[in-house]
Amino acid sequence: MAMRQTPLTCSGHTRPVVDLAFSGITPYGYFLISACKDGKPMLRQGDTGDWIGTFLGHKGAVWGATLNKDATKAATAAADFTAKVWDAVSGDELMTLAHKHIVKTVDFTQDSNYLLTGGQDKLLRIYDLNKPEAEPKEISGHTSGIKKALWCSDDKQILSADDKTVRLWDHATMTEVKSLNFNMSVSSMEYIPEGEILVITYGRSIAFHSAVSLEPIKSFEAPATINSASLHPEKEFLVAGGEDFKLYKYDYNSGEELESYKGHFGPIHCVRFSPDGELYASGSEDGTLRLWQTVVGKTYGLWKCVLPEEDSGELAKPKIGFPETAEEELEEIASENSDSIYSSTPEVKA
């Protein structure tokens, strides 16, 4: 019997979820951060969606959010003309980086020493986080607001996207290496370090390019306008979501559509695979995050393949606020399937 995809629904946000990012895999699992127009980015356990805490301090919509590799720091980009860096264990704000316009995107270097930002003022900024009083380095060249900016090639290069252009920059010389022009607005961009692959979405197209040369690799066409796409870590699958409220799963090698799912009640703004490839997360206009299994029916996280009569139907209650100490934090995130906040029983039934 075919297994039914049952996503885990993560509630808590009150406005559209516009960005999300996973950390790397740490000794305590991996983590997920979400950016929302409610101005309150949230941190969750990545494999279960369990809420850990909310970063409080922005005074406007948060457009971008990211975690460093070991999930000790978070960074957010917001409409209040600031980017903020946070202690992801305590939830404390570490620094506020003032900008001249709305900030849309943030990204840490691999060693977490530098933060890249971009936004409506068309400038890329590089902040030395060990010298918070120092002025950032600035890169100009974009002709419209920057939507996404990412470190690539072991932080030697930078990828950035504005409305209809993707640009590749050399970090050392701060100069443009190459650019790609599109005939419609670029909606998202993802960088895959293994293989140096760049995933770009625009209109109904999902395009793959070399992140080193920007040369095209392949492209797919989706049935609807796509806002975001993500490539599986093993490059087996691609998932994409957009304006028709659906998530599409493709075979990366053949381009064949394998499955499509409808669970959100609004357009999907962001989708990303987890670092282990076992699930992917989606964020929507409906204000929720949903976690989806890559292989439906596999026991993983809160999913357990059970028969209907084995389901107890019990749900746990959520916690509120960051733990008071790092020790409490580690105890919480190390506990299996800690407090759940789901509106329906998270399981896959045979």
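Every residue gets a Cβ built from N, Cα and C, even glycine.
What Swiss-Prot records for 337-350 is compositional bias 'Polar residues'.
Among the features that Swiss-Prot reports, phosphotyrosine is placed at Y342, with the record citing a large-scale study or a structure entry.
Annotation source Swiss-Prot lists region 'Disordered' at 326-350.
Applying DSSP to the repeat 'WD 1' (12-56) sorts its residues as follows: 0 helix, 22 strand, 23 coil. Sequence annotations record features per position, and here Swiss-Prot assigns repeat 'WD 1' to 12-56.
What Swiss-Prot lists as repeat 'WD 2' is 57-96. Under 8 Å from some Cβ of the repeat 'WD 2' (57-96) lie the Cβ atoms of residues 15, 18-24, 26, 28, 30-31, 33-41, 43, 102-108, 110, 112, 115, 117, 119, 127, 129, 132, 148, 321-322, 326, 329, all in the same chain and six or more residues away from its ends.
Annotation comment: Swiss-Prot describes 98-137 as repeat 'WD 3'. Residues 60, 63-70, 72-73, 75-79, 81-83, 85, 143-151, 154-155, 158, 160, 162, 169, 171, 174 of the same chain sit 6 or more residues outside the repeat 'WD 3' (98-137) yet have a Cβ under 8 Å from a Cβ within it.
According to Swiss-Prot, the feature repeat 'WD 4' maps to 141-179. Sequence-remote contacts of a segment are chain residues at least 6 beyond its ends whose Cβ falls under 8 Å from one of its Cβ atoms, and for the repeat 'WD 4' (141-179) they are 64, 101-102, 104-105, 107-111, 114, 116-124, 126, 185-189, 191, 193, 196, 198, 200, 202, 209, 211-214.
Sequence-distant contacts of the repeat 'WD 5' (180-212) (same chain, at least 6 residues past either end, Cβ-Cβ under 8 Å): 147-148, 150-153, 157, 159, 161-168, 218-231, 233, 235, 238, 240, 242, 250, 270, 272. Per Swiss-Prot, the feature repeat 'WD 5' maps to 180-212.
If you look up Swiss-Prot, you'll see 221-262 marked as repeat 'WD 6'. Mean pLDDT for the repeat 'WD 6' (221-262) in the predicted structure: 96.
Residues or ranges marked as repeat 'WD 7' by Swiss-Prot: 263-302.
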